[in-house]
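Everything below concerns the one structure shown next.
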């Protein structure tokens, strides 16, 4: 192609046209090169035909090979004319091939046939180049494998499976890699050859396997159903045949005893009418038209009725596909009241409450599959706008949220998808979308709220299979998971639970469900409850039930005393178990109940010890009144009380660092968080984000013991009427036996009492253990200032000021008068006289 002078001038004047002209020249040049590389169609056809004929002839030589045929490798045979279809040439070539590569020689003509077919059918050499490379690699693997069989073949067989080449290759690789390593190497090489020959990606192969498995699952379900129907029909046929056979046997047995063999009885003889020998005509109808009695049954062995046929509606246990996205149904597992393990173990006069006290579950919500698929496509499109590519694999509908399983392509970061949660909320108009990894899968779950939320009832949880079969007395019903599976947790294994959630998050309803779970399973002699409710609004409904160890505690100081009593009870139980050589309460109670404990004369017999559950509805109120004492008691109980059956359930709506301190948090690994106000609160309770995006009304995240995976649960709804019915039933069976000593201050060894964790010694003693030391210092030095006590005793300002105020109340120092120092109202030897009076 030539360029005129005008074109050159145009190129100099217009740079843009110059660039476009250069690109055009490059395209023309590439087109000519590609056209020059193309082979004429007639040459390609001739080459393909020659390859086919040669390969077929080669294959015939190998198939018709006879070791006794004369060849350059086999001389002195009795045959002069070979039986090979291709004559002497075929016999010699076949003998050479079998000697070199054994049975692997069959692969070469087959590869030639395939190459000839590709040459005739394909348009370009590049279409089958990689296939030939893959086929050659596959032949190499096949020869080596054939060579591995040669040492174990019998010597009578004249042909080695892998020939000389295969045997040598096997010896070479097995000498360096051992047989096992050689098999691994050959397997990897064969896989690589398959990928090169087919030019498939691993992800495509996985998709094909998944589709094939799904197809087999569907076909298997259909075949299984048909096989069951076939077995049922066969069983019915056999039953009918057996009944007919028995009836025929009766008839044959009756025919053996004829009338002629019986002796006539004169009393029974009667005149019989004479009948003519003419045939009697009987009016009959077609048997098919006669009416049948539907209630007619066989007397001997009735044939079982066939099972009722189900309508051809959607089966809930079967996956359904729509546009390649699998929609999984919600799980429904229920049990009857009679199947409960704890109901079957009733002892004494105690009657366990029935699940009929609680409302039934509503009808199963229908899943709109078309809407779910449309949301899945909307999510996929929105992710594509931010260059996040992948496939939406499955949809898992649930009672509150629906999980969309998304598998990102290679190179897509998980954090990038998580940061798009707010954008996905805008795309679907959802309140919040939680994104998390799906355990056990290489997929990401996007939890989208349902348009219509399903009401989860407490009765559903009671009638679930897991709740019915578990024998633990402290099994807590926490709700359902995101796929509708009932979720329960054993408080004895936690062994304590920390709960957080803002107002309106469903925290109180969840606590009521936990308490009712215990009341449904345990007798008063098995589990005792200490309920602490400083807010005075949540636990008053449980007053006077027989499981209570104390009245519902509402005073913070009495709550602190209760925790201190629990610490003392823990120490007492440990001493008791140590004296009797037991490691935990369960083994101790079994030994006492079985009568295996020997009691010394003069001592009271040992009794089983009940489990104790301390429920605190608002921890923040206690921490504000007696922070140090409450924190210390909770820490000691959380550290040591598991083995002796004392468990804590702590709840707060303010999960801040001053309420859930490091000491409390480190000793309570099991935590449950409902919706909180901000991310910081979520990090404090769960060590991570997520609780701030929950939906409220019982939607929570549970962190179990010994795991870092969060489980999203939806708490069951429990109305006040249902709780009142249960409480009324429990009250009718017994009254509580209160231990009022639990609420009183703990007496110390010197006769003093502790109230709210602080010592009280009367008017001259104050209410602080540092009071005596501080008063002596003030009287001896003559200085009654707050700053002086802070420096000398290392106290904080608030405590030092309170000590000075107590000295003023006891008449040791005078009142504060402006900027002047306080007067000392007692003599410097005042405490010498006090000490003398005490002696």
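Note: Cβ is positioned from N, Cα and C throughout, glycine not excepted.
Features reported for this protein in TrEMBL:
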type	residues	note
BINDING	501, 502, 503, 504, 505, 506, 507, 508	ATP binding site
COMPBIAS	1-14	compositional bias 'Basic and acidic residues'
COMPBIAS	23-32	compositional bias 'Basic residues'
COMPBIAS	303-314	compositional bias 'Pro residues'
DOMAIN	484-683	domain 'FtsK'
REGION	1-34	region 'Disordered'
REGION	257-279	region 'Disordered'
REGION	298-321	region 'Disordered'
REGION	745-769	region 'Disordered'
TRANSMEM	93-116	transmembrane segment
TRANSMEM	128-149	transmembrane segment
TRANSMEM	180-198	transmembrane segment
Which is it, of 502, 503, 505, 508: the one of these binding-site residues whose Cβ has the most other Cβ atoms within 10 Å?
505
List of residues, in chain order, with Cβ under 8 A from that of residue 506 (ATP binding site) and at least 6 apart
674, 675, 696, 697, 698, 699, 700, 715
Given the binding-site residues 501, 504, 507, and counting only Cβ atoms in the protein chains shown, which has the most within 10 Å of its Cβ?
501
Taking 8 Å from the centroid of the Cβ atoms of 501, 502, 503, 504, 505, 506, 507, 508 as the cut-off, which other residues in that chain fall inside it around the ATP site?
653, 674, 675, 696
Determine the mean pLDDT over the domain 'FtsK' (484-683), rounding to the nearest whole number.
89
